């Protein structure tokens, strides 16, 4: 692959590799290997938005570990997933439809709204899949888990029932974060994702004490005494019902010297009063208990004996504000608990849309979180002499994580999961997780668990997993249903349904269609034949035994005749219903059956088209299915414990059975032979009591599940014949984060196909948990990482639910600013990969900094990465390809004869060990940096010092590159494959079809010669000497006589010191290296340049010039040339005296003195200070 590139182009190579993987099914083969399973969970994205660069970041860190584990021999399943429910989807659909509120949605229709939601979640599915493939993230996209699918929802119901059975799911009334725009509560982990720094107007409010107080202190004045309180939420003031103080906090009575007004604040907060106040008296907070004050607003519903008084509370401090807390019971957690304890009124002055109710005069209908409303509140306070002052206040305020609306803390009923009861278990489980970065365990994540709150589990929304909670409208009994089988059983009304096709009719015998408008008489009024009447008579006798209570029939003549014959025998009442009618054949009505068959054979139509294509004036099978299901749904709800017969037609009864089986159109065709009834054929109807859409397909979402009623067992226990006690499902859906948090269980749930014969149970959790590895962004510490842990703990899964986590940092622009469309600083991942290659982007993410740190993305850093790593690696292969000997076997390591070969094999061993060590510890960055260092050593030291030997001794380099390809394969999968395939083509002994089907189990200890420390000394010494030469202005090509060093590191036996010193001599271009322990410095360089050394240096300079000319001419190393030289006397003499050596070094067959115009390339230059002309021509 690499050999065919004209020049190194990583994106071009990657396209070739993608085609190779696809053609050879390499990914599929990689997941069929291995014995022990390495379990990975994919955090599901939502495909209603485009994938971004941050997704490439997380997926790079996922893929590198999964590829590494595969190459270690593990079986690594990689099931993709799609998160398809929730507010993000709903808000996008609301925007598309122009809907502004929940009322708008309900007017539009929940069924249609949810249908749109279901469609919208796949808007960018193709783009997600293409990006996933293009970046080299191997994922099973063919068999993903999808959170809205029926089997997934049922699994979630099973989890919820388990939580309920453990008495951890409860209904409560609490203050919750409430989004007035979305009309739903949020959980604490959702709350954590939406904080913004805002500047609000805070207000200091004077509450006037009603009765005389501090009579001695205020004697001689009628000035009022006020309690001063501070709040950052002025909108809660109309709901004020009490003030709270600290019993043991020191308070003071302060007099305004100018107005003689008195105010009470905590002594430690007196600074808020400003200048012009003097303290009159000090006292403890308990002295204020029981004081009454005048209400700020007149809200009758808030008045009670306990209202508008001062109470002591533990939550009050004197650290900010005034040390006195204004209490609005319905709008703060502490307020609510204090109100419950005291018995304060629980009444809302703000509605669910965030607007003041009509009880709040002067503010009614105004949205509470607007500057206009704040201004109006301040005006009213000023007017009533309650306003002390306002101040701008910068703070962190929670906003809806999806729509961005400021949240309200709002008391209301909701369903909660008691996570606080499991705090110690959550913490114990967290202690067993390996976090990358490690500080998250006790820091961000650990602190979150330390203060974990009960999970606000329910949402007053539409497109989500319906809470499987049914509540009795008579006795209030609650039941949680854990599977579709359980629901069907509990919703069963005890009815038995039989279906029957009419007896043989004239249309059947004569072969014409009788579906559509039926004439009142004549030939085309299809009636029962004599045979048909006999058929029905026999069926009626059988039905008599079944004690039929009622008969529903199609209003066609042949079905009415059939129903009346049966009624005459059974005594059952007959009811006509046009929804049971024959399929309308439109223009083919009363024509031969073959005419309609020809219609469906036109224009390439197939049998499946009968469901969507109707003849003119006729019906499709789907339309028949919809009307007959509507019929059945309604009559099934009307009857209880009865036997019902339905008389209809072949196609109509086929569609009814298909609908009740929840079949797709394809399945309906597949089972048509078993479902198409013969004339007068009787069949007991098989059906369940599950929610279906209008076409009869199972759909457990709203509004269909809302229609399923369950009989209350408690009411039945009191009276078996009781018709009261209908249980209806509560309207809420589950927090969307629960969907993904339960994915380990839900993704394993079997399909719905066999649901009647099986009962879903949460079992064998040890076969599902734990995951060996998960990876997402840092914000998921309070998102998916938490809900995974929460659900596993709720199911009592042995800890930990996942063993290793890499939490990647966020991506900002190069200035450290958040990327956003409005700022125009969003980076398109497609553009990056097309320009530089996916491997370059991946390598950038692996090496720019530790995974948990934020990345200030700069495109130039990707360029540097490409040059620093991939270009260097490619040039190493290119050197081998150009100069190396092909065809040798790489099945086993070569035996090194040269010290540099031994050293690079030792470096390979060390690198392998370090990469394995770091990757086993999930330290991807350290592993990548080790590989980068090895790449540098291979190219800039081993190859540079081995250039002259490679043509005859290339086996070592080829072997090292092969093992190197395996080492970098998890990190740089495309380049590694290109390198591997190129070596496979050039050399023998490479049996694996792909580098990604190779094993990382090659020998790692064959070449541990005691030379590494000595080679490092050589390199360090060479670096220092070369720096000295540069300082002295002596070119490296100029040989010097000697280097004296103070010491040479002690060498162990077998370390081949003399060979190492030869490497040093060549690198620094000296004739000899000697040691002198008495030397005053670390080394001394003999800089005397003799005529002989000068000539040798001049020759080297000349050779370099000729090699550059060969390159300009485009010659290959194997090409032999003719060489012409002309110039100064010194140059001509030099080349004559060294003719053979010169010709050998530059690959010349012949050398001539003088100029020649007929050359391929020529140059006129100076070699050292001597004028020189050189020309070359291929021999």
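Cβ from N, Cα, C; glycine included.
Cross-referencing 444, 558, 564, 579 against the substrate binding annotation in TrEMBL, which names 501, 502, 503, 504, 505, 506, 507, 508, picks out 558. DSSP assigns residue 507 (substrate binding site) to a helix. Across the residues annotated as binding substrate (501, 502, 503, 504, 505, 506, 507, 508, 558), the widest Cα-Cα separation comes to 14 Å. Note on the domain 'Aminoacyl-tRNA synthetase class Ia' (717-852): DSSP counts are 55 helix, 22 strand, 59 coil. Around the Cβ of residue 558 (substrate binding site), a 10 Å sphere holds 30 further Cβ atoms from the protein chains shown. Cβ proximity to the substrate site centre (mean Cβ of 501, 502, 503, 504, 505, 506, 507, 508, 558, cutoff 8 Å) flags the following additional same-chain residues: 526, 527, 528, 529, 532, 679. Classification of residue 558 (substrate binding site) by DSSP places it within a helix. Within 10 Å of the Cβ of residue 507 (substrate binding site) there are 22 other Cβ atoms, across all protein chains.
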